[in-house]
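Visitor: Copied straight from Swiss-Prot:
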type	residues	note
SIGNAL	1-19	signal peptide
CARBOHYD	106	N-linked glycosylation site
CARBOHYD	180	N-linked glycosylation site
BINDING	188, 207, 273	Zn(2+) 1 binding site
BINDING	207, 246, 355	Zn(2+) 2 binding site
CARBOHYD	232	N-linked glycosylation site
DISULFID	322-326	disulfide bond
């Protein structure tokens, strides 16, 4: 055990004295320390922690500082590294080009636009707000409808509300295969206005409404495959819409923590956070491309992701870095699962209007979102049949 090295910025003298002698585990398990004083333990880099108030959380995000809130989800010892080696072997080349090409023709920009227009009509999707619960309920109904209309429910497909204490629930659509080896596609459903989260509007069109409707459309396209819908794929496929990413990956941590306890076999996780904004790249004279994260990700899965983009998308990819704890793939990595992440562009050219009232649909490209939907579909289909 390591003695906790850092104490909260405004911690009391009592807390400081306690922290000096307690191990990290004991400190984390002491509810009086962080609950009575409304402090949250955040991690800004592997093993670099700090106690902060909620207001300090938002101030850090305004400054562009990433973190993961580990107040409830304690140190598990599973931390991602820059050059992590895969323990899972992924296909060296695409095996189902004909099937994926046929399914991709059914993907619809119009569906994504209609869904995003409705999704951004909620005043905010802040995870502690009533409208955040309402938006999650609407999204749950859409996922349920997609699964029901495909007929997959007759073969065991389910849509689950994964409850959290803050109100807004996460959503898990599970399409069973012949084994419990599982491939996860994720996006976060919550939005936030960092200036006054509980009051100001947060349409969150790009962050991460775009990712939310992208993977929803990919789910609809994937379920057009009888083999997938009828449960004949080799592996199980899940689509996740996480609550409370903006609070520090709270929803995804809860899910992957439960998966670790249940000894779930998660063979791959792909997060897509912001899939619609390309004007920043175009203004910079950079070609439209999908941004692929190369830091704090599984290197083998990331190589497979590159191969998927090359095979199934009409645009290329550019490698980029977002630092530690930039989205929900961090939670999968934390619990020892191989994870990758894709976004709309290189990080320096991504949308700068996020977390404000101006994160609106009018700035987004549904053509680009369609490329992300193709990516999602190809990734899911190929790994659904991969011989893990």
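The backbone N, Cα and C atoms fix where each Cβ goes, and this holds for glycine too.
What you see is a predicted model, and the numbers here were worked out from it, not measured in a lab.
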Visitor: Measuring Cα to Cα, how many angstrom lie between residue 246 (Zn(2+) 2 binding site) and residue 326 (disulfide bond)?
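Guide: Each residue's Cα considered, residue 246 (Zn(2+) 2 binding site) and residue 326 (disulfide bond) end up 10 Å apart.
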Visitor: Of all the recorded positions given, namely 106, 180, 232, 322, 355, which is spatially nearest to residue 207 (Zn(2+) 1 binding site) at the Cα level?
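Guide: Comparing Cα positions, the candidate nearest residue 207 (Zn(2+) 1 binding site) turns out to be 355.
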Visitor: At the Cα level, what's the spacing in Å between residue 188 (Zn(2+) 1 binding site) and residue 106 (N-linked glycosylation site), rounded?
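Guide: Residue 188 (Zn(2+) 1 binding site) and residue 106 (N-linked glycosylation site) have their Cα atoms 24 Å apart.
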Visitor: Would you count the other CB atoms within 10 A of the CB of residue 246 (Zn(2+) 2 binding site), including those on all shown protein chains?
Guide: 27
Visitor: From the centroid of the CB atoms of 207, 246, 355, the recorded Zn(2+) 2 site, which same-chain residues not already listed sit within 8 A by their CB, in sequence order?
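Guide: Checked against the 8 Å cutoff, the neighbours are 61, 190, 191, 192, 194, 202, 204, 208, 354, 359.
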Visitor: Under 8 Å between C-beta atoms and at least six apart in sequence, can you list the same-chain neighbours of residue 106 (N-linked glycosylation site), or say none if there are none?
Guide: 220, 221, 224
Visitor: Which whole-number value in Å describes the distance between the Cα atoms of residue 326 (disulfide bond) and residue 232 (N-linked glycosylation site)?
Guide: 35
Visitor: Which ones in the same chain are close to residue 180 (N-linked glycosylation site), with CB under 8 Å and 6+ residues apart in sequence?
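Guide: Set apart from residue 180 (N-linked glycosylation site) by at least 6 residues yet with Cβ under 8 Å, we have 236, 264, 265.
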Visitor: Between residue 322 (disulfide bond) and residue 355 (Zn(2+) 2 binding site), find the distance joining the two CA atoms and give it rounded to the nearest Å.
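Guide: Here the two Cα atoms lie 17 Å apart.
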Visitor: Give me the Cα-Cα distance between residue 355 (Zn(2+) 2 binding site) and residue 232 (N-linked glycosylation site), rounded to a whole Å.
Guide: 41
Visitor: I want to check the contact list for residue 273 (Zn(2+) 1 binding site): same chain, sequence separation of six or more, C-beta distance under 8 angstroms. What comes out?
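Guide: Expected: 187, 188, 207, 208, 211, 245, 326, 327, 328, 341, 343.
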Visitor: Please name the residue among the recorded positions 188, 322, 326, 355 whose C-beta has the most neighbouring C-beta atoms within 10 angstroms.
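Guide: For the recorded positions 188, 322, 326, 355, the Cβ with the most other Cβ atoms within 10 Å is 188.
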Visitor: 207, 232: which of these recorded positions has the sparsest Cβ neighbourhood within 10 Å?
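Guide: Each of the recorded positions 207, 232 was scored by Cβ atoms within 10 Å; lowest is 232.
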Visitor: Quick check: which same-chain residues outside 188, 207, 273 lie with their CB within 8 A of the centre of the Zn(2+) 1 site CB atoms?
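Guide: For the Zn(2+) 1 site the neighbour list reads 187, 204, 208, 211, 245, 246, 274, 327, 328.
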